[in-house]
């Protein structure tokens, strides 16, 4: 039987939204604005880092990669949602759903792995400052990013191929505004034991593992900061980690909300809220989090904007 996916995106927007025709322009404008802010904000971070030689360091190299992944992450879901609102259609093809799911999983895992790499970078910078340039050399930085991409691609490809083997029922309604892996699997009529085991295994390997690495890095960082005698030096050391710690908290809290919501009932408004936070708001906030408290980024942005005027 030919699988057909009918995506009812209106059922899972933030509380207060509905698919009432009068509200569609407001929904369209809101998500278009957030998407454009996310794209241009992260693009400015990339351009600022590349244009300023003072920012050609491991920390900003990883940050520019994270910004690129965030642009791709939001672009896997929001343009399709905006197109559906504009055309008053809720349909996404089977092939389109699998493709969207592949890239969504890919960039979600990349976000996770890059945040872990950035935590390791901060660990080396604070706990081993004298050896920082030796340890975090350009070759290692490139390898860490490349390995993140390889792990993300292999995981996403494997998850998508296993979904292709599933048999779906005639009426398919995905209770989200994008094809989320768990909820697509829940719609299958065939046995999903292998899919569920693969999700649990990859969650342990690519979610819990990196989180454990981040927590370990920050336990060592806090211990090192605590041993610093000067209060000013303590603040300076912690300020280099504050932005990253805030982004990590946003990422894991919202991703946990999406996971718990997709595993629960199909009418959960909390799942929709977490999904919007996870796919739109967090990537949109990242440039602000990293730039507002970072003098180097603000200086580079001012210099870059001055060159363009």
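Cβ coordinates are placed from backbone N, Cα and C, and glycine is handled just like the others.
Those TrEMBL annotations? Automatic predictions, nothing curated.
Per TrEMBL, transmembrane segment is recorded for 26-47 (among others).
The domain 'G-protein coupled receptors family 1 profile' annotation in TrEMBL covers 41-290.
Long-range contacts of the transmembrane segment (59-78) within the same chain: residues 31, 34-35, 38-39, 42-43, 45-46, 49-50, 100, 103-104, 107-108, 110-111, 114-115, 117-118, 121-122, 125, 141, 144-145, 177-178, 240, 279-280, 283-284, 286-287, 290, 296-297, each at least 6 residues beyond the stretch ends and with a Cβ under 8 Å from a Cβ of the stretch. Marked as transmembrane segment by TrEMBL: 59-78 (among others).
The transmembrane segment feature in TrEMBL is assigned to 98-120 (among others). Within the chain, the transmembrane segment (98-120) has long-range Cβ neighbours (under 8 A, six or more residues past its boundaries) at 59, 62-63, 65-66, 69-70, 72-73, 76-77, 80, 92, 144-145, 148-149, 151-153, 155-157, 159-160, 163-164, 178-181, 184, 206-207, 210, 213-214, 217-218, 244, 247-248, 251, 255.
Listed as Cβ neighbours of the transmembrane segment (132-151) (distance under 8 Å, sequence separation of 6 or more from its ends, same chain) are residues 58, 61-62, 65, 109-110, 113-114, 117, 120-121, 124-125, 206. The transmembrane segment annotation in TrEMBL covers 132-151 (among others).
Annotated transmembrane segment per TrEMBL: 197-216 (among others), in sequence order.
Look at TrEMBL and you will find 237-260 (among others) tagged as transmembrane segment. Sequence-remote contacts of a segment are chain residues at least 6 beyond its ends whose Cβ falls under 8 Å from one of its Cβ atoms, and for the transmembrane segment (237-260) they are 59, 108, 111-112, 115, 118-119, 122, 125-126, 180, 182, 203, 207, 211, 214, 218, 221, 224-225, 228, 270-271, 273-275, 277-278, 281-282, 285-286, 289-290, 293-294.
According to TrEMBL, the feature transmembrane segment maps to 272-292 (among others).
Counting same-chain residues at least six beyond the ends of the transmembrane segment (197-216), those with a Cβ under 8 angstroms from any Cβ of the stretch are 109, 112-113, 115-116, 119-120, 151, 155, 158-159, 162, 181-182, 185, 248, 252, 255, 259. Below 8 angstroms of C-beta separation, residues 13, 17, 63-64, 67-68, 70-71, 74-75, 78-79, 81-82, 85-86, 280-281, 283-284, 286-288, 290-291, 297, 301, 304 of the same chain, each at least six residues beyond the ends of the transmembrane segment (26-47), sit close to that stretch. Across all of the domain 'G-protein coupled receptors family 1 profile' (41-290), the predicted model scores a mean pLDDT of 84.
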